[in-house]
Amino acid sequence: MYSFMGGGLFCAWVGTILLVVATATDHWMQYRLSGSFAHQGLWRYCLGNKCFLQTESIAYWNATRAFMILSALCATSGIIMGVLAFAQQSTFTRLSRPFSAGIMFFASTLFVLLALAIYTGVTVSFLGRRFGDWRFSWSYILGWVALLMTFFAGIFYMCAYRMHECRRLATPR
């Protein structure tokens, strides 16, 4: 059980760090504009060596930002529950901490999937036509890696929960 929780906690830490870095950085998309390279993130866009805040309130950017922030918050909550799962005292007999941590990591995975799906759909259908020479960049890719890490953290914690439940049910009362 502890090895699953340890693996889950490792994946969760890495996934949460990647979520925060992906959300905060400005390299979701790179493109060529007027002969020079430009890149943009969720909060700023940069032309040459100058960066500017994205002041327009565009729905897909707002949705992507919100889902990325919710994902990071769920992952952080899952880490807290995951660390508390190592403690053996049962404060809540009906609430399993590994199960709760796993649910939080799956919620984090869902939120980051929604954010990346929205960003991908709009970028490919709208911005891809506007900028001929463009590509997704490393911040965007970190988001996908974070999705995998939070998903595997959820899997590990669910395995720890199942192992704990099987042992609990097998012991005579």
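Using N, Cα and C of the backbone, Cβ positions are placed for all residues, glycine too.
The C-linked glycosylation site annotation in Swiss-Prot covers Trp43 (among others). In sequence order, Ala24, Asp26, Leu53, Gln54, Arg65 are the residues of the chain that are 6 or more apart from Trp43 (C-linked glycosylation site) and have a CB within less than 8 Å of its CB.
Among the features that Swiss-Prot reports, C-linked glycosylation site is placed at Trp61 (among others). With a cut-off of 8 Å between CB atoms and residues at least 6 apart in sequence, the same chain places Leu42, Gln54 near Trp61 (C-linked glycosylation site), listed in sequence order.
What Swiss-Prot records for Thr171 is phosphothreonine.
Swiss-Prot lists 88-98 (among others) with the feature topological domain 'Cytoplasmic', giving sequence analysis as the kind of evidence.
The annotation topological domain 'Cytoplasmic' is assigned in Swiss-Prot to 162-173 (among others) on the grounds of sequence analysis. Within the model, the topological domain 'Cytoplasmic' (162-173) carries an average pLDDT of 61.
Taken from Swiss-Prot, the feature transmembrane segment applies to 4-24 (among others). Residues 41-43, 65, 68-69, 71-72, 75-76, 78-79, 82-83, 85-86, 98, 101-102, 105, 108, 112, 139-140, 142-143, 145-150, 152-157, 159-160, 163 of the same chain, all 6+ positions outside the transmembrane segment (4-24), place their C-beta atoms under 8 angstroms from a C-beta of that stretch.
What Swiss-Prot records for 67-87 (among others) is transmembrane segment.
Here the transmembrane segment (99-119) has Cβ contacts under 8 Å with residues 8, 12, 15, 19, 28, 60, 63-68, 70-72, 74-75, 77-79, 81-82, 85, 140, 143-144, 146-147, 150-151, 153-158, 160-161 of the same chain, all six or more residues outside its ends. Taken from Swiss-Prot, the feature transmembrane segment applies to 99-119 (among others).
Positions annotated as transmembrane segment by Swiss-Prot: 141-161 (among others).
When Cβ-Cβ distances below 8 Å are used as the criterion, the transmembrane segment (141-161) is approached by residues 1-2, 4-5, 7-9, 11-12, 14-16, 18-19, 21-23, 25, 68, 71, 75, 78, 82, 85, 96, 98-99, 101-106, 108-109, 112-113, 115-116 of the same chain, each at least six residues removed from its ends. Sequence-distant contacts of the transmembrane segment (67-87), counting only residues of its own chain at least 6 positions beyond either end whose CB sits under 8 Å from a CB of the stretch, comprise 2, 5, 8-9, 12-13, 15-16, 19-20, 22-23, 42, 97-98, 100-105, 107-109, 111-112, 114-115, 118, 143, 146, 150, 153-154, 157, 160. A coil conformation is recorded for Trp43 (C-linked glycosylation site) in the three-state DSSP classification, outside any helix or strand.
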